[in-house]
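Scroll down for the structure; my scribbles are underneath it.
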Amino acid sequence: MANIVFKLSDKDITTLMSRITFDTENLPQGMKARAKYQNTTVNIYQSGKVMFQGNHAEAVSKELLPQHSQLNTNKTKKKNMANSFLEQTLMYDQFNCIGSDEAGSGDYFGPLTVCAAFVTKEHVPILKTLGVDDSKKLTDTKIVELADQLVTFIPHSLLTLHNEKYNIQQAKGWTQVKMKAVLHNEAIKNVLEKIDSSQLDYIVIDQFAKREVYNHYALSDIPLPKKTKFETKGESKSLAIAVASIISRYAFVTYMDQISKNINMTIPKGAGAKVDVIAAKIIKKYGLSHLDTISKKHFKNREKAQKILKPL
């Protein structure tokens, strides 16, 4: 299935929306309009990007956007090749890769989320056009916008270890390294079940432990050990990891937003002093047991929050 993306001006978007009928209600966050035309999905995003998705994507894009052509996409690709991010990812992005990454491991509040994603050579130009990058460089709003698009065409597996289960496993002696090894391995196996593994060149894991440590903790064998690589700062070296990073971060951010709504407080990320203060407020209003259902109990923030309350 082909995917073609254009960056349009407001005027061009208005013209496009006048040519066919678009839905503008009940859309994912970041999406402005959506249409189905000649077996092709046309998505217009608030960012000004338009994605044509389907077997006839190129023909439909030429029909609806005659002033544009696939050359625009090629020019964008060539322009992007000049930037440092593409230079860093050039090796892996010449191959079909599964990348895996996690989010939430350094945050007191919220779950641990892990994603594995399969990115082919054909995906690279569209991912570059969409603006896929290391999730640590992206705002939460941009992550949500990108993830809503990525999950529609990238084969992936997203796993979430919620706080209550996380705390149970941690109490049994599971370290974060073991949790991540198990989740990464399961997510990768899930993706392998969705694709033709003969098309896979590499599995690239954002390294959080050395290979032998990962093997020890994963509970099951690495599916394709000879094709598996471990990369530090993997988001900047592999687009597959960058995609996995965005989707896992999206799941974490979405969950954090839901927690904030549920308790009517803005829950900060990380594990700093602001987190201690909010944790103390939650204990005072809802009790320590409730705090434990939305946080990682073994973090020092729990003890610090209780100390904040003692003088009160």
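Cβ atoms here come from the backbone N, Cα and C positions, even for glycine.
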Asp101, Glu102 bind divalent metal cation according to Swiss-Prot; which of Asp201, Asp206, Asp221 goes with them?
Asp206
Let me check the 10 A CB neighbour count of Asp101 (divalent metal cation binding site). How many other CB atoms are there?
31
In sequence order, which residues at least six apart in the same chain have a CB under 8 Å from the CB of Asp206 (divalent metal cation binding site)?
Gly99, Ser100, Asp101, Glu102, Glu231, Thr232, Lys233, Gly234, Glu235, Ile241, Ala244, Ser245
Packing count at Glu102 (divalent metal cation binding site) (other Cβ atoms within 10 Å of its Cβ):
26
